[in-house]
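Novice: Here you go, one structure.
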Amino acid sequence: MSSSFSIVAAIILVTICVLGNSNAQLSSTFYSSTCPNVTSVVRGVVEQAQQNDIRIGAKLIRVHFHDCFVNGCDGSIMLDNADGIESEKDAVPNQSTDGYDVVDDIKTALENVCPGVVSCADILAIASQILVSANGGPTWEVQLGRRDSRTANRAGTTALPSPFENLEQITKKFNDVGLDSTDLVALSGAHTFGRARCLTFVHRLYNFSGTGNPDPTIDTTYLETLRQICPNGGNGGTLADLDQSTRDEFDHNYFTNLQNKRGLLQTDQELFSTSGDTLAIVNRFANSQSDFFDSFGQSMINMGNIRPLTGSDGEIRSDCKRVN
């Protein structure tokens, strides 16, 4: 009896160790022998893409984020509708995601030099790092070795943070995937570049929470600027800068904007205007760009470690839009 119990206990322990260390299979040198030029190939494509679209960095890092929060960083967001697959792209939170054509261009370039080697999930991670750095942001050692899913999870997109949620709800969604308050604030700092549609923040400008008044945490001058961009009842698809001070640069001005009540989204401003541990982190990053950059790189690694498929799980898609 005790011998059988010991064997079972040993099996359970081994299983826990294997599952608990699934992320350990990711490595910054994963492709060093199988596709040593992977980074330079990706860089060549995205640098050309940025000449045509200054927003491509913000677009691809958003796709990476939305991919990781649903079933982990498995490239599932890129799958189109097919037999047995309901594309995550069609879910409301993802309908405004963009940049997939650039991912396809990267994949084509990589298949030409390293066929069947580099996953679509890893392409998002590599491209995000290169483009953040190209726009003045930090660099970090991207961990690689993810494989691509054979399924999508449209229903699972409810796990994505929404611009209409409060800080408590957003914090829970980060905690649910193993990310803490520092990760939340640091990754929100990606809103230092890019744009947002009026429909994601117009509720703050005229009738916040049914009060008939604007969100009191918006600076009055900034409020008037936003009202000019987004008139009440106007076009919800009109774009506004997430960081009005340095719209296309990756820096820490996002956090000084929050201190000045100039966060665009509700979820941005609540990081500073709601009492909690995020306030001190915002102040820390506003005071030190290097502190923000260091934390952002680590938080990108943490996010990239959310439930990756590794080893023999999943596949390496030859076309990011469909399973092999």
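Backbone N, Cα and C atoms are what each Cβ position is placed from, and that goes for glycine too.
So TrEMBL has the following annotated:
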- 1-24: signal peptide (SIGNAL)
- 25-324: domain 'Plant heme peroxidase family profile' (DOMAIN)
- CYS35-CYS114: disulfide bond (DISULFID)
- ARG62: site 'Transition state stabilizer' (SITE)
- HIS66: active site, proton acceptor (ACT_SITE)
- CYS68-CYS73: disulfide bond (DISULFID)
- CYS120-CYS320: disulfide bond (DISULFID)
- PRO161: substrate binding site (BINDING)
- HIS191: heme b binding site (BINDING)
- THR192, ASP243, THR246, ASP251: Ca(2+) 2 binding site (BINDING)
- CYS198-CYS230: disulfide bond (DISULFID)
Novice: List the Cα distance (Å, whole number) between CYS120 (disulfide bond) and PRO161 (substrate binding site).
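Specialist: On Cα coordinates alone, these residues lie 23 Å apart.
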Novice: Which ones are near the residue listed as 'heme b binding site': of the recorded positions CYS114, CYS198, CYS230, ASP243, CYS320, which have a Cα within 10 Å?
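Specialist: Within 10 Å of the residue listed as 'heme b binding site': ASP243.
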Novice: Work out how many Å separate the residue listed as 'active site, proton acceptor' and ASP251 (Ca(2+) 2 binding site) at their Cα atoms, rounded off.
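Specialist: That comes out at 22 Å between the alpha carbons.
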Novice: Please report how many Å separate the Cα atom of CYS230 (disulfide bond) from that of THR192 (Ca(2+) 2 binding site), as a whole number.
Specialist: 20
Novice: Suppose the Ca(2+) 2 site is THR192, ASP243, THR246, ASP251. Which further residues of the same chain have a Cβ inside 8 angstroms of that site's Cβ centroid?
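Specialist: What remains near the Cβ centre is PHE193, SER245, ARG247, GLU249, PHE250, HIS252, ASN253, TYR254.
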Novice: Give, as a single whole number between 0 and 100, the mean pLDDT over the domain 'Plant heme peroxidase family profile' (25-324).
Specialist: 97
Novice: Judged by the number of other CB atoms within 10 angstroms, which among ASP243, ASP251 is the least packed of the binding-site residues?
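Specialist: Among the binding-site residues ASP243, ASP251, the lowest count of other Cβ atoms within 10 Å belongs to ASP251.
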